[in-house]
Amino acid sequence: MKKGFIFDLDGVIVDTAKYHYLAWKKLANELGFEFTLEQNELFKGVSRKRCLEILLEIGNIQASQEQFDRWMIEKNEDYLEYIAKMDASEILPDVPRVLEFLKNKKVPIALGSASKNAKPILEKVGLLPYFESIVDGNNVTKAKPDPEVFLIAATNLQVAPQDCVVFEDAVAGIQAANNAQMTSIGIGDANTLTEANYNFNDFTEMTDDFLNGLLA
Ligand code: BG6
Ligand code: MG
């Protein structure tokens with residue numbers, strides 16, 4: 001039976017949440033209010049547009065469509081400045097080991113991310129060649145927890161959804177994987193990712209035996 005593996009990007013492969021946070025915080029401060037790390041948790045796995053909607057709700061700010069669009073662009077431009085400086089040192093621990101393990105087993109790998117910046121980030125950190133398919137914010141119409149992003153990835157890999165394994169750090173992402181009938185693996189706090197089929201704090205905890213078990 002052919003298996004397929006799908007990785008989320010932000011918080012699974014690289015810790016870009018801190019850059020998203022700094023860019024959103026700068027905008028919030030410009031608009032005259034604070035944006036905390038705790039509030040940033042709500043932004044994980046959530047589309048850029050929805051993040052801005054939440055940010056403006058936090059700041060109790062009404063915006064015209066024109067202002068809204070301008071702030072979306074401004075936040076992304078600030079975020080891209082951080083991304084421009086990224087290199088392989090920002091890959092999260094043991095991600096390359098797991099990618100290499102799967103490659104050696106000839107298991108097809110896809111990216112399933114809400115980000116519209118996914119491809120340049122993978123390029124910057126040098127991991128792009130591992131991915132047979134990149135499905136990101138540019139390819140989807142429905143946000144996680146809708147399963148669309150992962151179902152497109154499964155189709156691209158030519159693997160049945162129930163034979164796909166998803167690595168996710170966001171609650172909405174685990175729900176999306178479950179909604180797609182895939183095996184969901186939470187990367188992060190098990191107390192937060194309670195709906196995941198399996199949980200690891202990070203990839204250093206994931207043994208080759210566990211990965212072999214998923215392939216069996
Ligand atoms: C997700 C992040 O991967 O991508 C979210 O977890 C982010 O925080 C979303 O808002 C969209 O990213 P981008 O790069 O298109 O603004
Ligand atoms: Mg994520």
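Glycine residues also receive a Cβ, built from the backbone N, Cα and C atoms like all the rest.
As recorded in TrEMBL, the features of this protein are as follows:
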ACT_SITE  Asp8  active site, nucleophile
ACT_SITE  Asp10  active site, proton donor/acceptor
BINDING   Asp8, Asp10, Glu168, Asp169  Mg(2+) binding site
BINDING   Asp8, Leu9, Asp10, Trp24, Lys75, Ser113, Ala114, Ser115, Lys116, Asn117, Lys144  substrate binding site
Protein Cβ atoms within 10 Å of Lys116 (substrate binding site), excluding its own: 14
Pairwise CA distance, Lys75 (substrate binding site) versus the residue listed as 'active site, nucleophile', rounded so that it is a whole Å: 21
Residues among the recorded positions Asp8, Asp10, Lys75, Ala114, Lys144, Asp169 that border ligand 2 - Cβ under 6 angstroms, in sequence order: Asp8, Asp10, Asp169
Neighbouring C-beta atoms (10 Å sphere around the C-beta of Ala114 (substrate binding site)): 25
Rounded inter-Cα distance in Å - Asp10 (active site, proton donor/acceptor), Glu168 (Mg(2+) binding site): 9
Cβ under 6 Å from ligand 1: qualifying binding-site residues of Lys75, Lys116, Asp169: Lys116
Long-range Cβ environment of Asp8 (active site, nucleophile), under 8 Å and at least 6 residues apart: Gly45, Leu111, Gly112, Ser113, Val166, Phe167, Glu168, Asp169, Ala170, Gly173, Ile187
Where Lys75 (substrate binding site) falls in three-state DSSP terms: helix
